[in-house]
Amino acid sequence: MVDQPLLRIKELRTHFHTERGRVTAVDGITLHVEEREILGVVGESGCGKSVTSQSILRLFDEKRTVKYEGEIHFKSKNLLKISNANMQKIRGNDIAMIFQDPLSSLNPVYTIGYQITESIMLHQKLQKKKAYEKAVEMLRLTGIPAPEKRVNDYPHELSGGMRQRAMIAMALACQPRLLIADEPTTALDVTIQAQILDLINRLNQELNMSVIFITHDLGVIAEICTRVVVMYLGQIVEEADVEKLFSNPLHPYTKGLMKSIPQIDGDRSQALHVIEGTVPSLHDVPNGCRFASRCPYASDLCRAKMPELKIVKTGQKVRCWHYEEILEKEEVDV
Amino acid sequence: MEAVERNAKLVMLKNDLKKEQRNLFVRRFISNKLAVTGLIIISILTFLVTIGPLITSYGPNEMVVDERLEGPSSAHWLGTDNLGRDLFTRIVFGAQLSMGVGLSVAVITSILGIVIGLYASYYRVLDNVLMRICDGLMSLPGILLAIALLAALGPSTKNVIIALSVVYTPNVARVVRSAALVVREETYIEAMKSQGASSLRIIWGHIAPNTLSPLIVQSTFIFANAIIVEAALSFLGAGVPPPDPSLGNILFDGKLVIFTAWWMVLFPGICIILSVLGLNLFGDGLRDILDPHSN
Amino acid sequence: MILTINKTNPLLEVKGLKKYFDVRNPLGRMEAQVKAINDVSFQLYEGETFGLVGESGCGKSTIGRTLLRLIDPTEGEAIYQNKDIFKLSKKELRNVRQQLQMVFQDPYSSLNPRKRVGSILEEPLKIHRIGTKEERTERVMDILDKVGLRIDHYFRFPHEFSGGQRQRIGLARALIVNPNVVICDEPVSALDVSIQSQIINLLRRLQEEMKLSYLFIAHDISVIRHISDRIGVMYLGKIVEEAPTDSLFSDPLHPYTQALLSAVPLPQPKDKRERIILEGEMPSPMNPPSGCIFHTRCRYVMDICKRQVPVRKEMSTSHFVSCHLH
């Protein structure tokens, strides 16, 4: 008997009401996160990767702008059904989140120590002194040098990398089961990014914590994740183990994406591979396959009818009508 | 041949664009209830004030001694005042004057404010000088400053406009300056500098258009405020000199007979309230429409 | 793409460039100096792309802005067409600015939101008083076509475009006056992966078509490698290593370059390389370390590194490094 996955999302749809009508930013996402795994979610801006993660924590204003559909199961509860008060208990406690820009997600008028302590006291009912000690311990865990001193610093006194560490310390303070990392290294320099990736990897192993790692950077995905979900315009187009995804990408979008990044050891004399066109607007979603307008293999079928996300022989999941033919064709070409 | 085709297309696009743009603004305006309500109120008032002189058979200063302090009737729709003047006529002319003062002040302060605000934001040294002067002016209560200025200049409608413009220009200048300070730091200004654009071109061609929407909003509020303060000044006897009617003058006359002739206070009061409310609603709505963050 | 470069005659030569920013206390007294650019020299040859790579705060963007005189340098010269850019009169400067253009990082804030694309692109022509009204419109339409936009876009506002298209507009604005040198300040770092490759290809195509020289400033090493002929690696206001691209990547000499290259995550999950993880962070440019600026984080630090500034040495053809190891 296989254990229940830690988080199971079924047919999640997130609709926004805008001036120009209703927009479905996430359109039927089904995915799960196993215990202790690092799930990568990759896609370009507007693909709905961040909206998915924020929907898990129900961070949007439900009264005015957003409507959720589907199910999000976490610890045998459907997060979309529970009350706001219960959701509040889960946020930061069972599921924590870190963001791209640590400066705007930390409150500038409080010390980082105060902010971590506050979150611990809120969720764990610890005494102030205990909570403070724990805050120092968390800062140490994330590799901040001299945490006893740093704990009294204000966010602006820390550098970008240190701030992201402080954010992580804050997120980890209540030992969450699931950490959602939304582009946590995008604003950082590569050498600092390497440090933070190392840290997340280590914490994932030491603390038995699952991670959803959202990024647009395929290099980062390859570096840190075990399983990957590729998103395009609100849908999952491919899901695979990280090795399979990189050795054998099936969806034309995944393939295009991989070919279009300049590589540190690739051929420089050639022009880069280009995915033509731009992502369609969410106000004007195509009827058939959403990638059809940019896909070199698109047929009439693609433009007319949306393919389902199917499991294929290799264990991957792909949303494409023609992936088999494309594979065969490529083999012939080689 | 190709070039001709291209130009023809450009002309066509330009025409399409004008239509589309007008439609979009109208649509956004209509969907904004505040702005529409405000505009309706102001339009009705403006309409009444414009046609009022044509439908009344009295002059604003025409006294009928027998008919003093009469209540509303078919002969005098809003009654008469303590000197037997027709109240409707006086309110119409008074509102005309008050709104005229408000509009003039709004226009003058906008022009002065944008010049001062833009140059203050662009040149550091000028900023210190101009803004300290503005600080000084703003540290005095508006009404007191206006009274002091009027005492020095002597009471007349023109001087009321001058005094109120002096009082409100610092407000506008500050709004323009703070909007311009944000714009000045944008990369597109740097891009213009790197092209070698002159300061004149940068200030008026690139920074100024970006300060227009807060400026317009601010000036509708100043329009409304100027009406109130003008009324207050006239009420205190420092504004438009009697016997010329202004809303403040009529209120001043009504104060003495408030217990016998309620209409003398009520109707000009309503008129002030409506015009100020209309303008404020309009300004609020305009802010929502013009603010690029709201779309 | 690798051009035969006329090595004898650089198009633009930067010598001993320094830019110190004064840090003043509230009373206006100077407290410290931020050494954003600390003695940088390099050459840009005709038709080539010189890449400047480094992490945030290393001063690479300040160099671009200084060369366009958006910031005044503290010291140094930049020779363009036998004249020092920093000593030009206002009128001469305007001429030079026509030939030295810049493409900015942020495609959102670099275009005036209240201007239509047509008038954004016409503006540089107006500033440099080029052509009549009709000729200018013609040129705007030509350049739109060149950067892959359509006439339909002429009357649109910037906010109606995606990031990639905006960057095309930014590029068009720089190219419409027919410059010789284009300073590209992180032109693709704000773009999505699939759009990035479109813009990089466009930059390379236009370089060939219009005979442009690029000073390409970026933090993304893979992008820099793809587009540059020669690369300068910057750390804390100095160029620590400078080499032809292939030579730099096959044989990185400076310990910082080595760490930088190894930190780039590869899209190949199988071969996990041994990574050099740099300890700590870049020291404050307010008081850079004595001796070699990198000694606080260097794996191979020796005594001499703390005391003595390393001199720049040519290790192989055009491959320069400033390090006591070599």
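Backbone N, Cα and C atoms are what each Cβ position is placed from, and that goes for glycine too.
Residues of the same chain lying 6 or more positions beyond the ends of the transmembrane segment (B:34-55) and with a Cβ under 8 Å from any Cβ of it are 88-89, 92-93, 95-96, 99, 271, 274-275, 277-286, 288-289. What TrEMBL lists as transmembrane segment is B:34-55 (among others).
Within the chain, the transmembrane segment (B:97-121) has long-range Cβ neighbours (under 8 A, six or more residues past its boundaries) at 45-46, 49, 127, 130-131, 134, 157, 160-161, 164-165, 168-169, 171-177, 179-181, 184, 203-204, 207-208, 211, 215, 218-220, 222-224, 226-227, 230-231, 240, 244-248, 272, 275, 279. The annotation transmembrane segment is assigned in TrEMBL to B:97-121 (among others).
Sequence annotations record features per position, and here TrEMBL assigns domain 'ABC transmembrane type-1' to B:99-283.
The transmembrane segment feature in TrEMBL is assigned to B:133-154 (among others). Sequence-distant contacts of the transmembrane segment (B:133-154) (same chain, six or more residues past either end, CB-CB distance under 8 Å): 116, 160, 162-164, 166-171, 173-174, 229, 232-233, 236, 238-239.
Annotation comment: TrEMBL describes B:160-183 (among others) as transmembrane segment.
Sequence-distant neighbours of the transmembrane segment (B:221-240) (same chain, 6+ residues past either end, Cβ-Cβ under 8 Å): 97-99, 101-103, 105-106, 109, 142-143, 146-147, 150-151, 155-157, 160, 163-164, 167-168, 171-172, 246-249, 251-252, 255, 272, 275-276, 279-280, 283. Annotation source TrEMBL lists transmembrane segment at B:221-240 (among others).
With a cut-off of 8 Å between Cβ atoms, the residues of this chain six or more beyond the transmembrane segment (B:260-282) that come close are 34-35, 37-42, 45, 69, 71-72, 78-79, 81-82, 87, 91, 94-95, 98-99, 102, 220-221, 223-225, 227-228, 231, 247, 250-251, 253-254. Residues annotated as transmembrane segment in TrEMBL: B:260-282 (among others).
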